[in-house]
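Undergrad: One structure, pasted below without further comment.
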Amino acid sequence: MGWVTRFLAAVAFLAIGVIFSPETFGSKSDGPNSHNLSTYLKLAHLLCFSTAWGAALWVTFIGGIIMFKNLPRHQFGNLQSKMFPAYFSMVGVCCAICVASFGYLHPWKSSSTPEKYQLGFLLSAFAFNLTNLFVFTPMTIEMMKQRHKVEREENIGDEVGWTKNMEVAKVNPKLAAMNKKFGMIHGLSSLANIMSFGSLALHSWYLAGKINL
């Protein structure tokens, strides 16, 4: 089942819920339209935030680490080069929807100071993801491809982990220089990703204070 099919299935389930249980989503026919819009925006905000938060948590602290420890380095790098643009695109879109919905529900002029801070956190998460998508990720992928070429000339890259790379880099100045440059770019990308995750974490604390269980 492709991702499009899964997405359409999720939308279908949501539509069924609205049709057969409209009061669940605050869409009673006799209710005010403003209340309906507010509820839909809150739903969009919650779904997009949870998607962004879950994806960031998995990619940053679980999925990437498991893949690095179990896949040959070049295979791992090639997989990451396909996954990260999709990851940053999805999280960026989710953050954009969160910014739009939160900004609509809490107009700047009438917002409290905590609400203004929260909008700032969401904007920060959006900006960090855009920076990764359009700046750091393309640079990292290009540098990775160049380093893979050098490593293949040294007959390394099919192993798991960094051991052989570090050994060869001690006697190959070109590889050592590429490692340094790649580490700097990748470090900036990782920092932007962590800053985005931290901004979402701060917003999760705000949301937790608003939910009644």
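Every residue gets a Cβ built from N, Cα and C, even glycine.
Heads up, TrEMBL stuff is auto-annotated, nobody curated it.
If you look up TrEMBL, you'll see 47-149 marked as domain 'TMEM205-like'. For 1-26, the entry in TrEMBL reads signal peptide. Annotation comment: TrEMBL describes 42-66, 86-105, 117-137, 188-208 as transmembrane segment.
Are these features on the surface or tucked inside, and what are their neighbours?
TA: Packing against the transmembrane segment (42-66) from elsewhere in the chain are residues 25, 80, 83, 87, 90-91, 93-95, 97-98, 101-102, 105, 125, 193-194, 196-197, 200-201, 203-204, 207: each is 6 or more residues past its ends and has a CB under 8 Å from a CB in it.
Sequence-distant contacts of the transmembrane segment (86-105) (same chain, at least 6 residues past either end, Cβ-Cβ under 8 Å): 38, 41-42, 44-45, 48-49, 51-52, 55-56, 59, 118-119, 122-123, 125-126, 129-130, 132-133, 137, 196, 200, 203.
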Undergrad: Work out, from DSSP, the number of helix, strand and coil residues along the domain 'TMEM205-like' (47-149).
TA: 97 helix, 0 strand, 6 coil
